[in-house]
Amino acid sequence: MGIKHLYQLIEEHTPEAVKKGEIKNQFGRKVAIDASMSIYSFLIAVRSDGQQLMSETGETTSHLMGLFYRTMRMVDNGIKPLYVFDGAPPKLKSGELAKRFQRKTEAHAAAEEAKETGTAEDVEKFSRRTVRVTREHNEECQRLLKLMGIPYIVAPTEAEAQCAALARGGKVYAAASEDMDTLTFDTPILLRHLTFSEQRKEPILEIHLDKVLEGLQMERKQFIDLCILLGCDYLDPIKGIGPSTALKLIREHNDLEGVVEHIKSQSSKKLTIPDDWPFADARLLFLEPDVRPADDPECDFKWEAPDVEGLVKFLVEEKHFNEDRVRNGAAKLQKNMKTAQQSRLEGFFKPIEKTAEQKATLKRKADEKLEEKKKKQKVDAKAKKQAKAKPRTAG
């Protein structure tokens, strides 16, 4: 699920933190990809009449089809992907997982009913909600990646946290996930839409955490508290708190301790803290997630030539993929992996850290821009009000 409304809030309050570009802009970069999120997107995207793609023997192949072709597209564009799989979920997440399972069970029943009585849209909507990434899906995807020569790692717990640790440690340029909590786990750069299909024509979003914090004028701990207040996978949300209220509360009360105290002191009781709301535990999971450090021997990743015959055996003989397509894909992969060895020129130069004076100037300019925007909105609103109030003359 990630963090509710976080991207909307970033876009509104700190748009300079987001760069929009094409996949080719990521040429020569190593990227850590949240595998479970990608596999889930392949399972819900590659569907026809509410059914996943299947082999002749009735086995689901959507995840393998998506992984094979999207990974090839990345390598085609000079990217060196590595995939990170979820390990065991933290204990605090068990409540959220139980709720998800309940929703999927209900959705499955609704999907069956929709097949009998509903429209094609109903069938599609409810079928998507029943999709779950299984251990078998993960194991098959890991087998496929090994045959493709693409490295992967299983995280101790959350894949997003491990992706963030690899980006922070300089093993990769960025973490790629649709889950916004990857930013909460402290990835310097988050890429969204990287594994989307070309047909969707969605730009790659490159979100820079330092600019997010600078634009929101927050320290990291405050940002984590904001994310928890917006709604995360570890805790029930506080009903009635949307993105604007969450930002206002953190700015006014500095941290969650202050926010909770303020809410409890209100006589109107418009907002209520859930009985079991261990926000300090959730904060600690973001501050100190269980991850392998970037210098761990298991994080010594190598991109190798694909095992062409192994791919044919697995995808063609076992999963009944088209042999010509698999062989052509493997040949392209082999050729493009050599191209991906080239380094970007920027890799030879370290970015120059901004001075305190430069940061202050940037902040002042951003504040002035915001003030200007507010003034314009006031003038526009006043003009609109006057135009409405102006009496109409009889013709």
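Keep in mind that glycine also has a Cβ here, set from the backbone N, Cα and C atoms.
Residues or ranges marked as Mg(2+) 1 binding site in Swiss-Prot: D34, D86, E158, E160. Annotation for D86 (Mg(2+) 1 binding site): spatial neighbours A35, S36, V154, A155, T157, E158, A159, criterion Cβ-Cβ under 8 Å with sequence separation of six or more.
The Mg(2+) 2 binding site annotation in Swiss-Prot covers D179, D181, D233, and the record cites sequence analysis as its basis. The secondary structure of D233 (Mg(2+) 2 binding site), as reduced to three states from DSSP, is coil rather than helix or strand.
Beyond its flanks by at least six residues, the compositional bias 'Basic and acidic residues' (364-383) meets 16, 214-215 of its own chain at Cβ-Cβ distances under 8 Å. Look at Swiss-Prot and you will find 364-383 tagged as compositional bias 'Basic and acidic residues'.
The compositional bias 'Basic residues' annotation in Swiss-Prot covers 384-395.
Taken from Swiss-Prot, the feature region 'N-domain' applies to 1-104.
In terms of DSSP secondary structure, the region 'I-domain' (122-253) contains 69 helix, 15 strand, 48 coil. Per Swiss-Prot, the feature region 'I-domain' maps to 122-253.
The average pLDDT computed over the region 'Interaction with PCNA' (341-349) stands at 51. What Swiss-Prot records for 341-349 is region 'Interaction with PCNA'.
Residues annotated as region 'Disordered' in Swiss-Prot: 359-395.
Apart from the site residues D34, D86, E158, E160, the chain places the Cβ of S36, M37, V84, A155, A159, A161, Q162, C163, S177, D179, T182 no farther than 8 Å from the centroid of the site's Cβ atoms, the recorded Mg(2+) 1 location. For D34 (Mg(2+) 1 binding site), the nearest of the binding-site residues by C-alpha distance turns out to be D179; the candidates were D179, D181, D233.
DSSP places the residues of the compositional bias 'Basic and acidic residues' (364-383) in helix, strand and coil in these numbers: 20 helix, 0 strand, 0 coil. When the Cα atoms are compared, D233 (Mg(2+) 2 binding site) and E160 (Mg(2+) 1 binding site) turn out to be 12 Å apart. E160 (Mg(2+) 1 binding site) is surrounded by 31 other CB atoms, counting those within 10 A of its CB over all protein chains shown. Reduced to three states, the DSSP call for D34 (Mg(2+) 1 binding site) is strand.
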